[in-house]
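Q: Below are the features I grabbed from TrEMBL:
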- A:133-430: domain 'NADH:quinone oxidoreductase/Mrp antiporter transmembrane' (DOMAIN)
- A:32-61: transmembrane segment (TRANSMEM)
- A:81-98: transmembrane segment (TRANSMEM)
- A:110-129: transmembrane segment (TRANSMEM)
- A:135-155: transmembrane segment (TRANSMEM)
- A:209-230: transmembrane segment (TRANSMEM)
- A:242-266: transmembrane segment (TRANSMEM)
- A:286-309: transmembrane segment (TRANSMEM)
- A:321-341: transmembrane segment (TRANSMEM)
- A:347-365: transmembrane segment (TRANSMEM)
- A:377-398: transmembrane segment (TRANSMEM)
- A:418-436: transmembrane segment (TRANSMEM)
- A:457-477: transmembrane segment (TRANSMEM)
Amino acid sequence: MPLVQNLPALQVVLPLVAAPLCLFLRAPRLAWLFALAVSAAAFAIAVSLTVSVTEVGAFTYAMGGWAAPWGIEYVIDPLDSFILCLVTGIATLVLLYAGPSVEAEVPHRLIPAFYVLFLLCLTGLLGMVATGDAFNLFVFLEISSLSTYALVAMGRDPRAQTAAYRYLILGTLGATFYLIGVGLLYMMTGTLNMEDLARRIPAVADTRTISVAIAFLAVGLALKLALFPLHKWLPGAYTHAPSAVTAFLAATATKVAIYVLVRIFFTVLGPIEAFQTLPAAVHETQVVGVLAIIAMLSGSAVAIFQPNLKRLLAYSSLAQIGYMVLGISMVSVTGMTAGLVHMVNHAMMKGALFMALGAVVLRIGSPRIERLDGIGARMPVTMAAFLIAALSLIGVPGTSGFVSKLYLVRAALEDQHWIMAAAVIVSSLLAIVYVWRIVEVAYMRSPPADARPVREAPLVMLAPLWVLALANVYFGLETTWTVGLAEDAAGFILTYVPGEGPLSEHPALEELLEGVNGGGHGPAAEEGAH
Amino acid sequence: MRLHSVLRTTTKLLMPPIMLFALYVQFHGDYGPGGGFQAGVIFAVAFILFTLIFGPVRARRVAPAWVTTPLCAAGVLLYAGVGLVTMALGGAYLDYDVLAHTPLHGQHLGILLVELGVGLTVWAVMVSIFLAFVGRDTGALADEADTDTDTGADTGAGDGHA
């Protein structure tokens with residue numbers, strides 16, 4: 001088998017192998033460069049996978065040569081390659097940025113361990129996206145989560161440990177709920193392969209076991225992606241984690257969790273329309289959409305009153321997660337496209353904002369607003385990038401934020417969801433308020449008289465920051481790539497039909513399946529469900 | 001602990017059988033219940049028992065940080081390395097068929113090595129975590145007191161909201 005065919009495996013294995021190797025590199029700078037090279041290679045793999053997917057369509061990879069549904073299968077489809085590019089691209093930029101930032105914020109002897117954990121986290125996120133197996137997804141979810149808890153705890157503020165502990169408890173609850181949900185699905189279908197699950201679930205859809213499984217999956221994943229009201233872990237974790245970690249988490253971790261939500265609810269549970277049948281909270285709007293609206297409004301409103309800018313941006317992230325989930329909850333191609341486009345755009349804007357803030361923390365020592373008087377004049381290059389990303393966060397025309405909000409409002413109007421459209425606009429107005437607070441402090445006030453002069457952040461930090469800031473402008477004007485890929489992925493996911501599968505070739509298995517099919521509505525299965 | 005001769009003697013008596021049983025579980029894993037994870041845990045249990053009776057200082061003399069920390073990584077490397085080798089030999093990732101002249105021998109060898117990697121890492125991680133908890137251990141990953149310049153006055157005003 002030529003190496004090229006192994007790319008789906010290498011995508012995940014490369015950072016997995018690199019992580020323990022990092023532990024042996026005692027010199028912090030060496031570990032940094034090594035991790036950077038690895039994530040750049042992972043990005044190259046993701047790009048080549050995207051090219052293959054656009055050329056030949058979705059393809060699979062059988063781990064260890066064991067054919068699905070018995071073995072673990074990796075599936076790369078348009079949605080996967082889209083997210084893989086996003087995660088590896090952001091990881092590369094953040095790692096480039098991390099060098100000086102981590103040296104300043106993480107104790108010296110922990111730095112090699114920091115890069116080990118960072119690469120493990122990357123492994124987990126990539127594995128969650130690449131795998132086509134519901135249990136394998138849980139394993140990668142835990143790999144990324146466990147390393148994230150430790151990364152958050154490395155923040156220099158002692159409160160980082162409390163925040164990490166809270167994140168640990170809630171994150172573990174979320175993962176456990178996911179596992180219980182998958183366990184219940186397995187109980188009814190006897191399979192863990194996602195495509196195979198999608199094939200078999202319709203036969204047993206009306207059982208109570210499947211309903212309970214859907215409930216556990218929904219709550220578990222909502223915890224992981226920090227959907228209101230299950231978001232309590234997020235502000236603390238983002239505020240106290242080292243700056244590079246915050247930038248990475250804000251730009252990737254919650255995005256991958258949203259990806260998993262889409263994957264589970266629209267492919268695995270897609271044939272039984274589980275997402276559409278989640279309880280309706282307010283007449284035709286179902287509960288997820290309502291929660292998304294509350295997240296958008298409350299997140300933006302709370303952000304206005306935060307004195308710590310990292311916490312302010314964390315609350316703003318909660319609101320932005322609301323936008324993405326809102327788009328998905330409309331269950332239309334435009335809505336899904338809007339949600340997916342905002343995933344990428346938000347990754348770019350929040351990545352840039354947290355990076356800029358990290359550069360400020362490096363030079364000023366604090367992300368608190370009262371320390372930042374006149375910072376626009378003291379660190380003009382950093383703050384200009386911050387300003388661009390902040391305008392994108394509001395959704396000013398010409399930035400990527402505008403594109404996602406345009407699609408979101410269009411999708412809402414298409415289906416006559418007037419309240420949703422209004423909520424997007426009100427939340428954007430609230431964003432103007434909290435961004436203006438920062439702009440006023442940074443540009444309208446003069447630096448304190450006793451302020452010592454500060455230098456700009458080093459070039460390795462400014463370069464990725466500006467790449468992301470300019471990406472916000474570029475993807476605000478040129479939308480063929482983001483919107484095009486998102487539309488492909490949205491169309492693919494909403495019309496997902498599981499393939500035929502190998503089952504019909506095996507008479508014994510067919511008989512077995514018959515048993516499940518026939519018993520699904522019968523008394524035997526009902527008994528099993530109770 | 002000097003006076004508890006029953007505990008000390010029993011521990012000394014139990015340790016070899018526990019470790020032997022761990023090795024049995026490790027290497028019999030391909031044929032019966034068992035495997036690297038269980039074996040690693042059982043092997044670590046022997047060290048944990050030793051630590052409970054003889055204290056973390058003596059335990060660290062048996063399993064020093066410079067042994068346990070690299071082993072945490074080495075096991076994962078062995079596991080992932082086997083996968084890379086099968087790829088290099090023309091198979092899929094972790095497709096052991098290509099490891100030896102016949103697929104059967106290849107499968108034997110592959111699972112043996114992979115389970116060994118799992119066992120090493122599980123043992124090393126269990127011992128590291130336990131010793132870190134018991135001894136406030138200053139192993140490889142201990143934190144240094146870090147004074148920083150943050151004003152530290154973040155009141156977390158938002159915590160009550162939303």
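Note that Cβ sites are derived from N, Cα and C of the backbone, with glycine treated the same way.
Tell me about the setting of these features in this model.
A: A Cβ distance under 8 Å defines the sequence-distant neighbours of the transmembrane segment (A:32-61), meaning residues of its chain 6+ beyond its ends; these are 4-11, 14-15, 18, 21-22, 25, 68, 73-78, 80-82, 84-85, 87-89, 91-92, 95-96, 98-99, 102, 111, 115, 118-119, 122, 126, 132, 492.
Within its own chain, the transmembrane segment (A:110-129) is flanked in space by residues 11-12, 15-16, 18-20, 22-23, 25-28, 31-32, 34-35, 38-39, 42, 80, 83-84, 87-88, 91, 95, 98, 102-103, 136-137, 139-148, 150-151, 154, 242, 245, 248, 252-253, 256, 259-260, which lie at least six positions past its ends and keep a Cβ under 8 Å from the stretch.
Within the same chain, residues 141, 145, 170-171, 173-182, 184-185, 187-188, 201, 254, 257-258, 260-261, 264-265, 269, 272, 274, 278, 288, 291-292, 294-295, 298-299, 317-318, 321-322, 325, 528-529 sit at least 6 positions outside the transmembrane segment (A:209-230) and bring their C-beta atoms closer than 8 Å to a C-beta of that stretch.
A Cβ distance under 8 Å defines the sequence-distant neighbours of the transmembrane segment (A:321-341), meaning residues of its chain 6+ beyond its ends; these are 79, 82, 225-228, 231, 254-255, 258, 261-262, 275-276, 286, 288-289, 291-296, 299, 403-405, 407-408, 410-412, 414-415, 417, 420, 423-424, 427, 479, 482-483, 486-487, 489-491, 493-494.
Within its own chain, the transmembrane segment (A:377-398) is flanked in space by residues 316, 320, 345, 348-350, 352-353, 355-357, 359-360, 363, 404-405, 428, 431-432, 435, 438-439, 442-443, 446-447, 451, 453-454, 456-457, 462, 465-466, 468-470, 472-473, 476-477, which lie at least six positions past its ends and keep a Cβ under 8 Å from the stretch.
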